[in-house]
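Trainee: Just passing along the structure, written as structure tokens.
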Amino acid sequence: MVVYSWATASDEVMADLSIHYTYMLLLDDSHDDPAASMESFYDNMLAGIPQEHPWWRMVNEQFPQVLRHYGPYCGLNMIRSTTDCTYISSAPSGAQVTDYLACKVFKGCWVEQHNFMGFPGSFDYPTFLRRLNGLGHCVGGSIFPKERFDEKELFTEITTAIAQMENLVFVNDVLSFYKEFDVPRDQTSLINNYARCNDITLQEALGKVTEDTIVDSVQLLSVFRDKDPRILHTLRAFLQGYVTWHLCDPRYRLQELHSLTKELTGDSIKLQNYLQSAKEVGSVDPKEWAYPSVASLAAKYMIDSTPVAVANSTDEAVECCGLKSYETRKRLQETTSYTFSSFPLLHNRDANASIPNLVHAAWAVSIAQETNANSVTFAISASGLHPIPKLVRMNGNLSKTLLSRTKGTQDDTFDQKTIPSIENGDIALRLATELDADCEMRPELERRMRRKADFILLPLVSCTATLSFLDKVSNNFANNYGLSTALDMNGDQFSWSASIFYFAFLVWQPAVSYMTQHFPIGKVVSINCICWGLILLGQGFVKNYAGFIVLRFFQGIFEACVLPSFVLMCSIWWTREEQSLRAAFWFNSVAGVFGGLFAYAIGQLNVQPGFYRYQYLYITYGSFTTAWGVMLLFALPDSPVNAWFLNHEERLAAVSRAKRNQTGMLNRHFKWEQLVEALLDPKTWFFFFFAFISNVVNGGLDAFSTTIIRGFGFSFLNTTLLSMPWGCIATIANIIVGLCISFTSGKRLFYMAAVVLIPLAGAIIKFSLINGPRGAALFGFYLTGAYNAAYVMLLALVSSNTAGTTKKVVVNALVWIAYCAGKSVAIPQSQQHRPQAGQ
């Protein structure tokens, strides 16, 4: 037990701990199935009644002796970890367990005794429990006996140390890997489970766990370097003793590992010397053992026979351990870990299998203890790691949805999915690891973040969307000012110049889905805005129909990403309750108002000979759009994570809001399971067909609104002014419906259904008064502008009811494909039946 690190504890504490951990080891290695007495264990322990199972009885009886040495918090951790202690046995008779290699822990046994079949997110629960190494909190609590540590005085330090200890004890899994590799009973080790959970090889899993253990040791010692020296001394003693104990114990077969190397290399010689050093340390009388550092031992037995002083810096530690020849100092400083040599293994294994040099992990732990504060601080910041260990963050991911139900199978079982690591998870997860526990309880911080989004981001999005809509309807106004005459277009050709825009918009949606997921959304929108501005500028100089229709096609390509991107941004920045009103603001019809005013102003110009008024329209729109796109490159953020106008706390608040939304923030990795889920979700196809049907009406109105008004007998110039109320009605309807949804819950579909009655009434009035007063017919036409509100609500539904980045971009793409398909169908049909003058 002295080697095991409790050297600073009294003999009485060490005696009770020795008995307790001996029982733990017996329990861990037992082949006896405790299932028969499982249900009585908890009740008996609480009541102080002897346990039925012999091993549990011994643990239960020993608890009072052990816990009298500890304060309530350390004692509580020891109880919890002991009852979570791993227990490995064959699957209980009759238990329907898909994975017979699933590790059995007490809680895992309980669910299996009830023929646990799983539900989404829980099938691999036993594996998840095994990943939470049961020794961590137990060992962490046991190194702080109350005779030396006052819990009240040092509560923060003790709590932090115990939390970090959960990951440091993975040294046991790293150094146990070899002896467990070919033992069937031990195939349920953490590293095997880690490999299966993350769909990686055993070698990759061992490398990751080794690196995590090294990083954790550096982080823990760095955190406590300036704290109470008693805490730091205890932690250092534990790390040194824990590694040495594993290397001393023949049970771990590290001597055998060395003997199985194919050739005698420099690394294998170092391993042999290190094992011998560890044995000699372990054989020292406990009363005389002074806990020499592993670095000093390595220097003494591997470099020369002269003891070397304890290293005082990273560089000295590298040289002290003989690591300089195979690893650069830069690697140590940048990542606080090593890429180690491998030992090819034989003995009932794949001849190509290999594992990292385990002894190097021990050296790294020792080096971390001897590295000065500046080096450690630099190493941690350079590695980009938050002081919360990576393995803790991975364990957090395991509680997310792991499985999805497989439909159509006879037994209705579950298929295991790859559990995403933080590298494959939402970018927001990187901030979520820093989220204060009370972040969600700070409404003022969230209000400040929302206010900035409303007053900075929303105007940027709204103005960009307005420019997009203005560019879309530019054909409509240009046709009033000689476009068809200048380019010698007939009615059908003009119709196709409008349709080809939406055809390009449609075919480009798969590419848009890829871009919005794999590239920064803000940059995608900005660059495309610049491009479509230049295209629009070119339309002012084109001289024939062929060139014009080519430019219209590319305008559709470059505008295709804008509105879908804004739907995604809306889901990232605002909560479900807020999205409808914000969507109403940015997906507006103000373009119809501004377009009418600007077109009227253009109509007052005295044009130069050889120029048409429509050319001024395109040149002005194109120039302004291009300049706006350049500004967006610097002003439009990709997500709250890197928004220039948010500080760090406000970014955390944004992540908290996204967490409550349960729709994610941003993930660069395409997930095929989410694609399948999107295609099988009935909501997806409701969104699709609603978007298609509503835009069949929308397409004709957008393309021919000025033509319809002029058909009532108004002049070209007056038509531009009379088109403005139609845009006003659409904008007002959007905002009113958005406000109604914001102040009521669960009624979005009701409002969507109700608002379509307004354009329906307008259409009835218009067509029933074809030969009646044109003012009444014009009023009926204005009412049709309210059709837009229903589609805006649909976009809000899509953004707030679709979780997962991949699923969101897929559903988004389908909705916009339907949007374009509806308009493409409507425009040619509208051309065939467009009204003549006086109708």
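Here the Cβ of each residue, glycine as well, is placed from N, Cα and C on the backbone.
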Trainee: Have a look at 353-371, 524-542 and point to the one annotated transmembrane segment in TrEMBL.
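Mentor: Range annotated as transmembrane segment by TrEMBL: 524-542.
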Trainee: Counting only residues 6+ away from its ends, which parts of the chain sit with a Cβ under 8 Å from the transmembrane segment (524-542)?
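Mentor: Tertiary neighbours of the transmembrane segment (524-542) are 464, 467-468, 471, 474, 487, 515-516, 548, 551-552, 554-555, 558-562, 565-566, 614-619, 621-630, 632-633, 636.
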Trainee: Near the transmembrane segment (548-573), which residues from the same chain, at least 6 beyond its ends, have a CB less than 8 A from one of its CBs?
Mentor: 453, 457, 461, 464-465, 468, 471-472, 475, 487, 493, 496-498, 500-505, 508-509, 511-513, 515-516, 521, 524-525, 528-529, 531-532, 535-536, 538-539, 542, 579, 582-583, 586-587, 639-640, 654, 658, 661, 663, 665-666, 795-796, 798-800, 802, 808-809, 812-813, 815-816
Trainee: Could you name the stretch, out of 585-603, 615-636, 776-798, with the greatest number of CB pairs under 8 A to the transmembrane segment (724-743)?
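Mentor: The listed stretch sharing the most Cβ pairs with the transmembrane segment (724-743) is 776-798.
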Trainee: Sequence-remote contacts (6 or more beyond its ends) of the transmembrane segment (585-603), Cβ cut-off under 8 Å?
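Mentor: The answer is 458, 461-462, 465-467, 469-470, 472-474, 476-477, 480-481, 563, 566, 570, 613, 616-617, 620, 705, 716-717, 720-724, 726-728, 730-731, 734-735, 738, 785, 788, 791-792, 795.
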Trainee: Can you name the far-off residues of the same chain, 6+ from the ends of the transmembrane segment (494-512), with a Cβ under 8 Å from a Cβ of it?
Mentor: 472, 475, 479, 483-484, 545, 548-549, 552-557, 559-561, 564-565, 699, 703, 813, 816-817, 819-821, 823-824, 827-828, 830-831
Trainee: Please give the sequence-distant neighbours of the transmembrane segment (615-636): residues at least 6 beyond its ends with Cβ less than 8 Å from one of its Cβ atoms.
Mentor: 457, 460-461, 463-464, 467, 470-471, 474, 477-478, 481, 522-523, 525-541, 598-599, 602, 605, 607, 644
